[in-house]
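Student: Sharing a structure here in structure tokens format.
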Amino acid sequence: MARYPLRQLSFVQDDAGYRRFPASQSGTRPSWRHRGRRWIQRHQALCDQLWFCSMCVLWYMSSAMTNNLGKQVMMAWRHPVTLTFVQFGFVALFCQIVAATTGAFGRLQPLNVSRFVTVVPLSIFQVTGHIFSSVAISRIPVSLVHTVKALSPLFTVLIYRIVLKRAVSHRVALSLIPLTCGVVLVTMTPHVQFNAIGLTCALASTIVFVLQNIRSRHHPDPAGTDAVHAALSMLFWASTFAFVLMFPLWLYYDRVAVADLWRARRASSSGAPPPRAAPGMGIPMLLVLNGASHFAQNVLAFYLLGLTSPVTYSIASLVKRIFVISAAMLYFGDRVNAVQGAGIVLTFGGLWLYQSAKGQKGSH
């Protein structure tokens, strides 16, 4: 005779076929916990897709918040060195807190010689690229900065072809034409807030991060869950080294400005209001929020990279850039004329063609 009466058995389909388990210990109907577990098992693929999409949305939102909050700070208090310095400090701090209080990403791995050799160049790239990016955001709109950063495939191909002497497929080369034309249309539109320093810094930041990505391809990280654990440790050590490297630079450029801001806040009780970057929110609070969103953006990027394939991650990154540009335009009320709109469409069309060409090359 069966161990359980037939009316108490529930059937769940898995990869191996049908298996059975008792509906509950004391009743004939399965509990809500068992029902939820059965539903998840039957719709595992759908649940995985929903989880991935929700993580992507959080990634997009944290990235948009980081850029928009940074722009707000720069509009009221233009000190990009301090903004970058605070970002690295908060990322290192939050990495330590997350590793110490939760088991989601494991403990931070100790610093050894191999990790030190990897972290130091990465920190230099991070410091240089983020400073250029902060200066660019302080002088031109966020949407324009990220449109210029969309040229990263062009610089990647040029470096591979000219410097590394590697062949490039015709499809990849052709995809760069609409990409470049789109960015030119956006940046050359008369309605755009043209600033030579801002555009130059945006281009410099793009080139720096392209060089960092090329170098990272020669030192690949392991895939899977362990990669997420290693990535949190790498993020912690890279941010810590970047914070230490930036400290003398911060003392030289912004020490006096930060002291003046602190004195202005202390004097606010006597009638002199401190500078504010948003209604009801001071600059220090925005710096804290910017650091928190910057940390979330980095952790979610590493998590998604370990969750999916490189091709899917590249497409998700493309959608993220579209989201960040659109969110910045809506948040700051940027006007978009027909020429600029056509340039944005061409830019994203070129990015899509580039990702498709890379995906086909990888499949062959």
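Placement of Cβ uses the backbone N, Cα and C atoms for every residue, glycine included.
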Student: I'm validating the feature mapping. Which of 45-62, 315-332 is tagged transmembrane segment in TrEMBL?
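Tutor: The listed stretch tagged transmembrane segment in TrEMBL is 45-62.
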Student: Which stretch, out of 287-303, 338-354, is listed as transmembrane segment by TrEMBL?
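Tutor: In TrEMBL, the transmembrane segment feature sits at 338-354.
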Student: So are the transmembrane segment (82-104) and the transmembrane segment (45-62) touching or not, going by 3+ C-beta pairs under 8 A with a sequence gap of 6 or more?
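Tutor: Since fewer than 3 Cβ pairs under 8 Å link them, the transmembrane segment (82-104) and the transmembrane segment (45-62) do not come into contact.
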Student: Between the transmembrane segment (338-354) and the transmembrane segment (194-211), are there three or more CB pairs that fall under 8 A, provided the residues in each pair are separated by 6 or more in sequence?
Tutor: no
Student: For the transmembrane segment (143-160), name the stretch out of 45-62, 232-253, 338-354 with the most CB-CB pairs under 8 Å.
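Tutor: Against the transmembrane segment (143-160), the leading stretch is 338-354.
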Student: Averaged over the domain 'Sugar phosphate transporter' (54-354), what pLDDT does the prediction give?
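Tutor: So the average pLDDT across the domain 'Sugar phosphate transporter' (54-354) works out to 84.
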Student: Which residues, given as numbers and ranges, are at least 6 beyond the ends of the transmembrane segment (232-253) yet have a Cβ under 8 Å from it?
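Tutor: For the transmembrane segment (232-253), the list is 79, 81-82, 84-85, 88-89, 91-92, 95-96, 98-99, 105-106, 108-109, 111, 115, 118-120, 122-124, 126-127, 130, 221, 298-299, 302.
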Student: The transmembrane segment (338-354): which same-chain residues, six or more beyond its ends, come within Cβ distance under 8 Å?
Tutor: 147, 150, 153, 171-172, 174-186, 189, 191-192, 318, 321-322, 325
Student: So if I exclude everything within five residues of the ends of the transmembrane segment (45-62), which remaining residues of that chain have a CB under 8 angstroms from its CBs? That is, six or more out.
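Tutor: Contacts with the transmembrane segment (45-62): 293-294, 296-297, 300-301, 303-304, 307-308, 316, 319-320, 323-324, 327.
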